[in-house]
Amino acid sequence: MNKNSITHQQFTKIVALDIIGVSILSVPSIVIDIAKQDAWIAALLASFFGLLLAGLLYLFGRLFTGQTLIQFCQHLLGKYLGNGIALLYIFFFFIGSTTLLWDIGQFTTSSVLTDTPRLVINFTYLIIVIASVRLGVVTIARSAEILFLVFLGIYVVFSILILPQIHLENIQPVLEATTPALGQAAFILLSFTSLTLFRLLMFYPQHVPPGRATARAFLVGTLIGNGVLLVIIVLSILALGTQLSPLLAYAGHTLARVISVGQFIERIEGTMTTLWYISMLIRITLYFHCLVVGFAQVVRLSDFRVVTLPLGMIVLLFSLFIYPDFDYAAKWNREVWPLYAFTHGVLFPLLLAIVYWFRNSSLPAAEQKESPSQTS
Amino acid sequence: MKKTKIVLLLIVILTVALTGCWNRRELNDLAIVVGIGIDKKDSHYVFTVQVINQIAIQSQTKVESRAPVVTYRIETDTIFEGIRRLTTVSPRKLFFAHLRLVVLGEVLARQGIEEVVDFLVRDHEFRGDFFFIVARETTAAEVLEIITPAELIPSVSFYRTLSTSARFWAPTHSVQLAPLVTDLLTPGKNPVITGLVVVGNSPSKDSTQNVQKSAPPTQVLLFSIGLFHNGRLVAWLNEGESKGYNYIVNKISSSVAPIDGPDGQNIILEISNSTTKLRSQNQDGRPMIMIEVNTEANLGEINVPIDLKRPGALSDLERSLENKISSYIFEAIAKAKSYQTDVFGFGGVIHRADPQTWKRLQPNWDQEFVNLPVEIVARVKIKKSGDIVTPLREAIQKSKRAQ
Amino acid sequence: MMIFGIMVVAALIVAYDLPDIRKKGTRKELAFFTGLLAIACVLSAIYFLGLQLANPLDWIAFIYQPLFDHLLRDKAGFK
């Protein structure tokens, strides 16, 4: 096994876990609130666009020839504009890291360890994140491979145990939601899944050799991730209903609470929380990886590890108050974040691809065949 | 190596943090709450909390003279304040994860239960697997202070009674938190909660003396179903209507049904299986609800001379049980209609079958419900006639005549 | 108390990373390491002294909120 490369299986699992990430925890309530019993249709829509996006990202990544997204910006747009865009990206990574860490703290203090200070929880979790980032992408990929198995095991058990609690009539009538509602629900879902997948461009072109298998890893990972989400959303609708789910901060956690098989297997929500800590870990780790590596590349440090601890300290600090309260977070996730993620996940890459195309069209094109990435 | 030392230090610090020291609740510091009673008196809330008395129920050193539970009572202006204040009356920290029963006083239930439910959903310590009960014509405090015979812990006793009787006896209906919230919120459905009455109000009901007799002077009976409208208790169903309600919402799994025999005497049929299907049909642009009950029954107790070998005898019984069930259902609907509260979820049925019509009806559903035509079809099949075909009493008479 | 905590954390970070940076790294890396650490400490101190730190989400919302309000909510019918 090559020491510096990520296998395609590992890459598939990174994509899947990253997509599942935070969306398995708090997003079902938002989506069900908007699209009611048709939320699963929104999830299908989101999967479709997610697949499209994954394909485009793969093609886009091939333009980099071994660079990261940040280096590509610098290379393509020159010192000032390139670094400008790069800084916007770094700011995005910073926001992503801090808000997700806040989510970890919020979930833990409201549902699991209520009296523990948020600082301690965030600190503990961040230590793991920093440690994995310092060990490098290849280590993250390998841990993703193991964690994915654990995740899948708990997830399958969870989904099966919830089955006795479902009420099929909860999903009727089908197709009642209006088109804007479906669109919005799908957009929000996408913003937590595939719209942030572009972070993989911070290491995928370097560590995963391009080719059919990588493209497949992108698509299969997206499918798995979206499938897991779809099932959670459907189970929330069926077991909790469209009236109760939107009221809950963490529908998935409440879902685990209603598990009761023969009054014997119950009260297992504590075990189930492992699910969220695993899926969040890969997501936060990727964010933080992008943050420090991107920062190091903008200021051209030879080793990104130098800034991990100081930046980690800043992330930890901001994670304590990045959302003043839960209502702010709910409004932000619904109204601002989707657009913000769209800007960085679709708009900027599209602009970069167009610039690339204009620059290269004047040259004798060795890589003209990559150009479809911006046309579709 | 310096780095290793720092990592070791970190591990030590984290070990301390990760044991959950901030949240540790030692078992012997906890007061396990099994029942909460909430009453409203004027503008105050009266809280009663039933806590397991660990000393009294330890199996080795059982102290017979002590009551198995302790109740604490407190009056406050808000519900949250009540729960907080309760920690000051109990020497141990109250622990709610094993809560079995929430008893609502009738006065509170009539004024509205939204606040209570909101609090129970919001606080993470409540797991939502407890039952709701309304203390009919009494206060929740009265109910929770009764010491029950068969189970040591009264709340557990009520919980068991409720879950058993919902299975074997038709007129009760067990309601947990999630369905209650869903019913409260869903347009086209109103919740119900089973009511509980106290029988034989003896002065010793709150002491262990109450259980020293085989027939305890004070007992608690699960009674009928209380109808709610927008979170307010509006009416009680009687026993027959309660059965009707359970037939409609398909919650009958087994029960007994007395029907009138040929000369006015009772024949008891045991219902072994019953399923109900609700459908909505459009009748000249107006929706109509079809209730289709399919019931299987066994012969239970026969007090009349009736020869079951006679052809048509069983089908006569089947017809009369069908009429009985239809009339239960009819009465239940009539009662609900007179209070304009759709506790059966007919609105939901129309919503699922015909979203367009529902959109038109929904704003004025309470009125529409009153005018909603309902058709009841009951089908009864008597499967087993018990082990004997001819009632014992008749057989005895026959054999005596023969001698 | 918290200020003391910040100092301890900063000291630990310095003890953990500084020797390596001095041995292998350039002046630039040293500068960024100490610079960022100093910023982190100052910000933490400000926060734990009870002063308000600017919330970066407000800046982003400043740009995107009107976009949502006028485009997505009013035109596209989002809720």
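Backbone N, Cα and C define each Cβ position, glycine as well.
What TrEMBL says about a protein is an automatic prediction, not a curated fact.
According to TrEMBL, the transmembrane segment annotation covers A:12-34 (among others).
What TrEMBL lists as transmembrane segment is A:40-60 (among others). When Cβ-Cβ distances below 8 Å are used as the criterion, the transmembrane segment (A:40-60) is approached by residues 15, 19, 31, 34, 171, 175, 177, 182-183, 185-186, 189-190, 193-195, 197-198, 200-201, 210, 214-215, 218-219, 221-223, 225-227, 229-230, 233-234, 237, 345-346, 349, 352-353, 370, 372-373, 376 of the same chain, each at least six residues removed from its ends.
Long-range contacts of the transmembrane segment (A:80-102) within the same chain: residues 21-22, 69-70, 73-74, 122, 125-126, 129, 196, 199, 280, 283-284, 287-288, 290-291, 294-295, 297-298, 314-316, 318-320, 322-323, 329, 340, 344, 348, 352, each at least 6 residues beyond the stretch ends and with a Cβ under 8 Å from a Cβ of the stretch. Residues or ranges marked as transmembrane segment by TrEMBL: A:80-102 (among others).
Annotation comment: TrEMBL describes A:122-141 (among others) as transmembrane segment.
Taken from TrEMBL, the feature transmembrane segment covers A:146-166 (among others).
Residues 6, 11, 14-15, 18-19, 21-23, 27, 30-31, 34, 42-43, 45-46, 49-50, 53-54, 57, 60-62, 64-70, 72, 93, 96, 137, 214, 222, 225-226, 229, 286-287, 289-290, 293-294, 333-334, 337-338, 340-342, 344-346, 349 of the same chain, all 6+ positions outside the transmembrane segment (A:186-205), place their C-beta atoms under 8 angstroms from a C-beta of that stretch. Annotation comment: TrEMBL describes A:186-205 (among others) as transmembrane segment.
Per TrEMBL, the feature transmembrane segment maps to A:217-240 (among others).
The transmembrane segment annotation in TrEMBL covers A:275-299 (among others).
The transmembrane segment annotation in TrEMBL covers A:306-324 (among others). Within the chain, the transmembrane segment (A:306-324) has long-range Cβ neighbours (under 8 A, six or more residues past its boundaries) at 94-95, 97-99, 101-102, 105-106, 118-119, 122-123, 126, 129-130, 133-134, 288, 291-292, 295-296, 332.
What TrEMBL records for A:336-358 (among others) is transmembrane segment.
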| message | Should anything in the same chain at least six residues away from the transmembrane segment (A:146-166) have a Cβ under 8 Å from its Cβ atoms, list it; otherwise answer none. | response | 13, 16-17, 20, 228, 231, 235, 238-239, 255-256, 258-261, 265, 268, 271-272, 274-275, 278-279, 281-282
| What stretch, picked from A:12-34, A:122-141, A:275-299, has the most CB pairs under 8 A with the transmembrane segment (A:217-240)? | A:12-34
| query | In the same chain, who gets a Cβ under 8 Å from the transmembrane segment (A:122-141) while lying at least 6 residues past its ends? | reply | 3-7, 10-11, 13-14, 101-102, 104-105, 203, 207, 277, 281-282, 284-286, 288-289, 292, 305, 308-309, 312, 315-316, 319-320
| query | By a Cβ-Cβ criterion of under 8 Å, what residues six or more beyond either terminus of the transmembrane segment (A:275-299) are in contact with it? | reply | 14, 17-18, 20-22, 24-25, 68-71, 74, 83, 86-87, 89-90, 93-94, 96-97, 100-101, 103-104, 107, 125, 128-130, 132-133, 137, 140, 144, 147, 150-151, 154-155, 158, 199-200, 202-203, 252-253, 305-308, 311-312, 315
